[in-house]
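Student: Once you've had a glance at the structure underneath, I'll fire off some questions.
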């Protein structure tokens, strides 16, 4: 399709992570291994919560939703990335915009659910007698629904603005999937408004959700320090610190990625950060949240028997 001295394209080429054959094979094995762990671990959590009566509590209901979203989140990008290790990875403009939309929908839901789970742990630890009343079934469903609605709304803004941009001549995306920053960089028009919208929306959402999550864990840590000499307090502190490390990893990489400009240097760093929150973090979620959980271990044994 041709305009005035411009040829508008209808597909992009995803450049991937590297063009070195030996490194491509290594990365394919690495990503494939973690993707299998992601699918198996998160699917196990979902099945356990559905099948086992002992796991019918607000915490496990939220964990099952997080695991379900993590499966979709990784599946939105990882299979396409693995294809790119062995052949030229092309994608139509419409498919690219679609992938971008669902990636940001699921990533946003993931982040909000981490905040909801932080609040759930705060209520359970700091207000145990009121836990069932505060975190009732209707409240949990409302919080999960709000997470999904936030994701759909947030992603819609950047996706619509990106879909209206004209793309011409340059069709090589310096990423292994269609993300907002590397895609708008290819537009043959001014993208200043897009960059402002991306930074404003991502900055407000990620900062707000991150602060809520950190505040929840801050109250938990303060509460635990009061009972730090007891065995129970030590276990709670250890568990929550591992949860908090995962939260910091997710929010930290996401904020570093979307709050910067779309420069060449930042795009290179974004590819590395994207591996962390599309491949590593979804795999760690079921491990971190169930590592020291005797109820989950017993449920796995029962399900196997």
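We number each residue from 1, going along the chain as drawn.
Keep in mind that glycine also has a Cβ here, set from the backbone N, Cα and C atoms.
Positions annotated as transmembrane segment by TrEMBL: 26-50, 62-81, 101-119, 140-157, 196-220, 241-260, 272-291. What TrEMBL lists as domain 'G-protein coupled receptors family 1 profile' is 41-289.
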Student: Take the C-beta pairs under 8 A between the transmembrane segment (196-220) and each of 101-119, 140-157, 272-291. Which stretch has the highest count?
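Tutor: Against the transmembrane segment (196-220), the leading stretch is 101-119.
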Student: Three or more CB pairs closer than 8 Å, sequence separation of 6 or more: does that hold for the transmembrane segment (241-260) against the transmembrane segment (26-50)?
Tutor: no
